[in-house]
Structure formats: C-alpha cells, structure tokens
Amino acid sequence: MSLLLIPLLTLTGTAIPLLTSRFGRAYCTLSTLVLPVIALALLFSYVPALLNGETLHVAWSWIPQLGLDLAFRVDGLTFLFALLILGIGSLIIFYAGHYLSPTEKDGRFLSYMMLFMTAMLGIVMADNLLLLWLFWELTSVSSFLLIGFWGHRSDARRGARMALTVTGAGGLALLAGILLIGHVVGSFALQDVLAAGDQLRASSYYPVILALVLLGAFTKSAQFPFHFWLPHAMAAPTPVSAYLHSSTMVKAGIFLLARLHPALGDTTAWETSLTLVGLATLVYGAWFALLERDLKGILAFSTVSHLGLIVLLLGLGSPLAIVAALFHIFNHALFKATLFMSAGIIDHETGTRDIRRLGGLWSLMPITGTLTMLAGAAMAGFPPFNGFLSKEMLLTKAVATDHFGGLGIIIPILVLVGAILSVAYSIRLVANVFFLPRKVGEKTEEKAEEPVHAHDPPKGMYLPGMGLACLCLLVGLFPMTLAAPLINSASLAVQGVNSPVFHLALWHGLNVPLMMSAIAIGLGITLVWRHERLYSLAALLPTRDAKDIFEKTITRVIKAAVWLTLRLENGSLQRYQALLLMSALIMTALGLRQLDNLTGAAGLQPIDGLAMLGAGVMVFGAIGSAFAHRWRLVSLLMLSTVGLLVSLTFVRFSAPDLALTQLSVEVASMILMILALFFLPQRPPRWVSTRRIMRDLLLAASFGLVIAVLNYALLTRDTLSISEFFLSESVPGGGGTNVVNVILVDFRGFDTLGEITVLALAGLGTYKLLNRLRLFKPSGNLEGIRWSRQRYPLIFDVVAQIILPLALLVSVYIFLRGHNQPGGGFIAGLVTAVALLMQYMARGYEWTSNRLPISYPVVAALGLVIAVLTGLGSWLFGYPFLTSSFGYFDIPLIGKTELATALLFDIGVYLTVVGATLMILVNLGSVTTIHRPTLKSSLQSAPREGNK
Amino acid sequence: MELLFSLVTGVLSASGIYLLLRGRTFSIIVGLALLSYAVNLFLFSMGGLHTHAAAVIGESESPADPLPQALVLTAIVIGFAMTAFMVILAIRARAELGNDHVDGKQGEEGETR
C-alpha cells in the first residue's frame, strides 16, 4: 500500500505549487519540495528489503478486460531510477525556484515538473506493461509542456513539437510492441513477461517486437538517428534540461531496455542492434559536442553521446557490462545535472550561452567555476571521479568483447575515439568559459557586452549543483560504500542469478583500459590545443542536420495531407455525393462476388401483359424525369406517374395498405412540389459538359445494375421470415385481422411512436426554415405572359366544397376499419389532410383559415401526447409500455363492437399525420400571403393572427 | 415477373442517382423521391411477390409477409416528411443565396465540378 503512496504523493504535489504560488517564490518552492522529500524518505524505507534482492509488489485490478492493472513494484532497478528522479528532482525544484525570473509563472512551471516526476516514477514503478506505457506517454506530454514553457519563443515551440513528435511516434511503436508481447505471453503483468523470456525469444513475432520496442526506447533516449530532437529541446528552461534531458526522461528508454533485458535480451539481434546504435550514437554525439558552440548544445550532444555509451554497454551483453551500464546511468545523472545547472547559472549571469562570447569567468565566478570543473572532470572521465570508474569498466568490456568476430576490434577503437572526444569537449567547455580570454574581435560590437556584472549566484542556485559535484568526487573515491550496494541491487533486478560479483575501484593495476584512458586524455588535450585544425576538418565534412530532414519530412507530409484533403473536399457537394456513391457501389459490388449464380432456387413467376405495361410506364417515367431534369415541371410530372404506378404495384402484389398510403402521400407531395416550383427559378439550368454527364450516367447505371442484380438475386431465393408470429398472434394478441395495421399500432407500436415523432419534428423544422423568408415572386412565365389573375377557379371551388364532407367521411371509415381491413391512422390522416388542403387551394389561405381556426402544430402535438399517454396507460395496469388490450362491447344502435386501446394509439397517429402534413403545406402556402410565419406567430393559432 | 420487378427497381434507382448528382436542388428532390420509390419497392419485395394474398386474416389462404409492408408503410410516411423538409430547405436556400445550386453558386452559370 505504501508503494502506491510514492506516485500519489508526487501527483498530489502537482496541485501544491498552483495553490501556493500566490504566497511568493520561496514559499512556493519549499512547499512543493515537501512531498517529493517525503516520497524519497518513503523510498529509503525499502532499502533493507531491496538489499536482500527482494521485489515489492502492490496491485489493483483496473480494466481486467484489457489486462490493465494498477500494479506497482519496487526492485533494485526501480530504486536506482526512483532515487535519481526524486533526489535530483528535488534539488532541481529548489534550483528552479531561484532560476526563474520573478515575473514568471512559477506555479505552473513547478506543477509541470511535479507532473513529469509522477509520470517518470510511474514508468519505473509500473508492474504492468500497459500501465508503463501510459506513464511513458505522460512523460512525452509533460515534457512537451515543459520544453514549450516559454511558448512565446518560436524555438521553444518548435523544439517542443519536435520532441513530442519523435517521442510520441516512438511511444506508438512501443505500444504496438507491448501489445504483441501481451499477445505472445498472454499477460501484461511484468513478472509474467519477464518470466516468459524464452517463450518470447522463440516466438515468430520476436523480430517485430524487438524492432518496435527498440524504436520506442531509441526515440526516447535520443539514439542515432533519432537524436536530433534532444539538442532542440534545449530551448527549454535550464532546470528542465537538467532534469528531463540529462538525468531522467532520456534515461527512460535505457530503463526500458534494462527492464526488458530478461524478456528480450541475450539474442544476437538484441546485442547487434544495441551495440551498433550505441556506438554510432557515442561517436556521433561526442563529435558534435566538440563542434557545438552553445553551452547547452554541448551538454545536449554530450548527453546523446553518453546515452549511446550506456546503450552500447547494454548491448555488449556480458553481466559486468550491464553493471557498468547501471553504474554509468547513476554517474551520468550526477555530473550532467550539475553541468546543466551551472550552464543555467552562467546563462543567468552573463546573458549568453555562446562559448565564443564567454571567457575568463574564473576570477568572477570561482564557485560556479569549481563545480563546473568538478563535474566536467567527471564527464571527461578523469580520475578520481565517478566518470572515470564507469569509463574504465566500459573500456575493459570493449576490449574483451567477442562481438562481430574479427571485426570486433572496431568496438574498442570507436570507444577510444569517443573517449578522446569526450575529454576534448569537456576541457574545451571548462577552458573556454572560465580560463581562456574571450575571443574578441570576431564582431566589434561584442566588446560592448562585456559581462562585468557576472558574479557567483545566490546560494540557492549553486548549492544543489555543489552537492551533486561533491557526490561525483565521493563516489569516485569510495565507490564500494556509496554506489556498490545500489548498483548491485539494480543488477540483481535486471540479471537475477546471473548478476556478477563486482568490485568498484579506482586502481585495477596497469592494464590496457588504463593505457587507453591515458591515451584518451593525452589526445583529448591535444585536440583542444589544435582546435583550429579541427574546425577546418569539420568544415570539409558535409553538415546535414537531421533537423532539416525532419522538418522537410513533416512539411511534405502536411503537403500531401492538404493535397488529399483538397481532392476529397473541394467544397462541391456534388463531388462528395459522387465519391460516396462510388464507394458504396464498390462495397456492394464486391459483396455480390460471393453469389454463386444469379438466379436462386425459388423459381420465377410468369410475366403478364399488364405487369409489362406497368413496368414500361414506370421505366419511361423514371428515365423521363431524369432526362428532363432541366425542365422542372416536366420532370415532376414524370415523377408523379412513377409514384402512381408504384402505388398500383403495391395493389398488384397484395399490399392494399401500402397502396392507399402511397396514393395519398403522392397527392400531398405533388401539391407540395408544385408549390415549391413557384419559389424556384423557372429558367432551365445550362447544360454541363458531356464528359460530366457521361461520368454520372455511368455511375448511375452501374448503381442501378447492382441494385437490380441484388434485388433479382434476393427475389429468386427463399427467405426465412419471422412473420409467422405476427400472422398467428394478430387476432388473439392484437385483436385485429389486418396484420399490417396490428404490427404498426401494437407489435411495433414503439417504432411507430418514433416515426410520428419524426414527422412532427419535420413539420416544426419547416416552421423555422420558412421564418422571415426573402421571396422571389415571379409574376409571369418565362415568355413574359402574366399569370391568370383569377386565383380561385369556380369549378374547383364548388367541387372541393362538395367533396370535403365526403372525404372526411371516407377518412373516418378508413380509420375505423383499419384494425381489421386495409386502412388505419396513417392513411386516414393523409386523406383528411388532402381533403382540407383542397379547401386551402380552392379558396385561398385567408378564407379557409378564418373558417378553420385550428393550429396545426397543436394538433400534431396533441396526437403525440395521445399516443404517448396510451402507451403510458398500460403502466397503470402493470404492463410494459404500449401493451395493448381489447374487448368486445355492446354499444346501442351499433351493436357488438370491438374496442382496443390500439385504436386510441391510432388516433394519436392520425392526429399527428394530419397536423404535421398541414403544418408543412399550409405554412408553405401562406408564405406568399401577409400571414407568412414569423417566430412569434409560429406557436399561436394562425387564423387569429390573420384577423388582426 | 421477378426479372421485371428488379429491372424496375434498378431503373428507378439509376434515374434517382443520376438526378442526385445534378447541381440543382429541385433535381435532387426529384431524385430522392425516385430513389425512395426504388428503396421502398426493394424492401417491400423482401417479403416475396404474392398475388391475391393481402395480409388480412381470413382473406387468403397464405397471406403475404406483413412485416416488410409495415416497414415500408412507415417508410413512405417518413419519406414524405423528409421530402417536405428538403423542399422547404431548397426554398430557403434559394431565398438566402439567390440561386438554386447545391453549392450556393451565384448566378446562373452551369453546373460546376
């Protein structure tokens, strides 16, 4: 349980600086420090157990379906890293309190730092690979926030983006690798994975897993060729560089390699790739560190180089090399954090980090000079510092390695080159900044910028660095006391029983590694001394910055994305339509390939002449309406013939309800469309290009073909139907013999309720759309002939009035018989609506509205309410929503009649259909009158508005 | 008969789709209407093509499948609501944009890409 406290403490710590920053800098820094220090103390309470090689676990199930547990562990490796994270983290938070200028948002900064600390602790403590990955991504995100902390600077923004892109992409690769590991092992729990090393190495997925995991680790740990983000991340405030980019985050990749070593290590592929990448990174980083002129740039490339060194050590594969790698992780964190902090001090005091403009600071800043020199000596690998110890171990292993057979000699040679360069850049850094005079004369105006104000900073800034620098020296002098137990327990965690017994000491006698160290120091000094030659050599080499390649790639990707987007999304709805139809066509057509033969087993029915004629008229009407689309009225008339014939088709194939519905809908929608033509342009649009027409014809024809084939294939096959239930239950369960109607109002009543709701909503939507409409009202046809002024033809008027009562009577009849015979609420509603509509057409909006003072939205709403209440009514009797019941009653004069609650529901349907249909049509019709809808009138009764 | 029926649905949907690809709102409305005829006929035919077999108990020996009919009945009504909405939308678009091109192109220039 107390294990969980460690990350929880730092997580809580993210809130503290935000809360305390208003009380001043010192208070904010100190209060932020409290929780990490407690966590550190907690960590030390595990030391006795860890020294015995124990591993402590704690776990809660989180998302068991994914295999993701909230599981944490502490073992030697975790302890080593957690010590660096919490220890150096606390020192740097202390340092940051003095580093940030008084006006900066320290609360936000420290909060990000604590977030990062939590994420980092999560990585090293996670006992579940998925959990580890979550924290891994969290470090990428929090480091993005930290690098981009000075978001007003473009280099900070660019550096942050680059770091996020590279480490984020690596994180995705890592996720893929982890998922594959989980696939092979069957668990994401770390102890299962670590125990399944043989299984993983034998798996056919191993090469892929290795590649993906290494990609994740190498991007995070800035290995060649992914190193380029690290120098650019130096745009971050220096505490960030000191913490993230030297001691912790960039070591996450190395941590992962060490952690997964038991599971994935000890194969040729592992050792070869780690060795090669490590070597390349070691030399590459060291070379550019020597050429770099920015103080933090030197440190960044040196970090790259040292990370390569650690990866190389892990790749060499022998147990002692792994010990050396762990030891160097510790050492590097100590001296590099110190160097970054002093770089921050120098930058702070002189205002520049360019070593050409720095120099002679020794007399001005002796304390800073001392600690830089101590840490620089450790970095260069001078005895008696800690860096010397781990470098000796590296040299020993490099000489002793058996990799690459006869070519193996290249490893010690390249390591020696790296060592020489590392001595050189360390000396160059210290000498240029503190001892050599400034290189004045390069630019004359620089003389004016003499850093006369430079002096040693307040204690708060140099104390953390001083502590770490002393530690470098002490670890070098007393390695067995200060470092060996720590490294040993970490090694136990990585290597288990293979962990070797080792002895850390300055003096191993006169041997090859010592000679190599001496050579490195000698040649390194020479190199600095003759640096002019070096620069002329460097000028000869092509300088291809990986950053440019990265940015070019990004630009190219963006361009390609923009190109593709513009192709797909050019603002033309017709283009979208065509693309969508094409993809739908392809999908359906591909599906048709699975048919063995077109005609199924069910056989064909004979064709009769009437059907032929009907089909012929429909085909003619359909093609005609498409062909004549430019002449809108002709197209509409063609469409109406198709609609009528569809209704006849329904009659022909035993669907009387459908035929009635289709017929009445047809009438209503034709009236609507003719009305709409009045508001649309009369002039036919121009022809488009033939090519375009051909494309559309081809698309439409292939679509039609696919649909016809599909329909034919389905029609000629026997299908399984669930309708037996409806047919047998219609009378006993629903009390009606018209099964279609019983399905609508009873079996599937809930669907119907949804559908009438849509209908009512569509009606309401038209209200809003017609509100405050700007009208184009033509007064004549295209030839300029004025339209007839006689607005209401007499014959029509008379007929409409005679028909109205008859039509209403018919609709009542259709409604009542609906449950047992073709008919029902939908059809009756449409008949009523059409009958009423005819009155509006015959006598105009005003005349009819005055005699028919009904608000149609209210009718529609009433219908919905009745339908819903009918449904709710069944709750009163303890039945589910919309359960219907029916009975037979003797009603005087009428006789024995069936009454069903479904009838009530059907009344709701009826009213909604009437209300919605008239709402749409009457409203549209009223647009040309003075009673056109406005927001205000839309909910009031329309005629009353007219009376005013 | 099956061949004839599927031919009709095919032609109806082809004409509908051709109209959907036009640039003027009214053609789209007509196209959608045609397409919904085709779809309704298609759905309806899923129950098979039966003659003299209305799904009314006691009227015929082997009644037609009532389920597709019920589905298509509501589809017709919803289709009407949809058409109505589209029509009003087209009118509104004309009123706002001054033309009836789907992309809201000004003037009476030909259909664009």
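Cβ coordinates come from backbone N, Cα and C, glycine included.
Note that TrEMBL annotation is computational and uncurated.
What TrEMBL records for this protein:
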- A:63-109: domain 'NADH-Ubiquinone oxidoreductase (complex I) chain 5 N-terminal' (DOMAIN)
- A:126-406: domain 'NADH:quinone oxidoreductase/Mrp antiporter transmembrane' (DOMAIN)
- A:692-775: domain 'MrpA C-terminal/MbhE' (DOMAIN)
- A:795-918: domain 'Na+/H+ antiporter MnhB subunit-related protein' (DOMAIN)
- A:205-230: transmembrane segment (TRANSMEM)
- A:242-260: transmembrane segment (TRANSMEM)
- A:272-291: transmembrane segment (TRANSMEM)
- A:298-316: transmembrane segment (TRANSMEM)
- A:403-427: transmembrane segment (TRANSMEM)
- A:507-529: transmembrane segment (TRANSMEM)
- A:607-627: transmembrane segment (TRANSMEM)
- A:634-653: transmembrane segment (TRANSMEM)
- A:659-681: transmembrane segment (TRANSMEM)
- A:693-715: transmembrane segment (TRANSMEM)
- A:822-842: transmembrane segment (TRANSMEM)
- A:854-879: transmembrane segment (TRANSMEM)
Do you know the mean pLDDT across the domain 'NADH-Ubiquinone oxidoreductase (complex I) chain 5 N-terminal' (A:63-109)? 88
What stretch in A:205-230, A:659-681, A:854-879 has the biggest tally of Cβ pairs under 8 Å against the transmembrane segment (A:822-842)? A:659-681
The answer for the transmembrane segment (A:205-230), taking Cβ pairs under 8 Å and residues 6+ beyond its ends, is 136, 159, 162-163, 165-167, 169-171, 173-178, 180-181, 183-184, 245, 249-254, 256-257, 260, 264, 267, 269-270, 273-274, 277-278, 280-281, 284-285, 300, 303-304, 307-308, 311, 545-547, 550
Based on Cβ pairs under 8 Å, which of the stretches A:298-316, A:507-529, A:693-715, A:854-879 lies most in contact with the transmembrane segment (A:403-427)? A:507-529
Give residue numbers and ranges for long-range contacts of the transmembrane segment (A:607-627): same chain, 6 or more residues beyond its ends, CB-CB under 8 A. 634-636, 638-639, 641-642, 645-646, 648-649, 652, 700
Which sequence positions outside the transmembrane segment (A:298-316), separated from its termini by at least 6 residues, show Cβ-Cβ distances below 8 Å to it? 218, 221-224, 227, 230-231, 233-234, 241, 245-246, 250-251, 253-254, 257-258, 261, 265, 270-286, 288-289, 292, 322, 324-325, 328-329, 332, 336, 339-340, 343, 355, 379, 393-394, 397-398, 401, 403, 411, 415, 418, 421-422, 425-426, 428-429
Spatial neighbours of the transmembrane segment (A:272-291) not adjacent in sequence (6+ beyond its ends, CB under 8 Å) are 210, 214, 218, 222-224, 227, 257, 297-299, 301-316, 403, 411, 414-415, 417-418, 421-422, 424-425, 428, 527, 534-535, 538
Where else in the chain does the transmembrane segment (A:634-653) make close Cβ contacts, counting only residues six or more beyond its ends and a cut-off under 8 Å? 610-611, 614, 617-618, 620-622, 624-626, 628, 659, 662-663, 666, 669-670, 673-674, 677
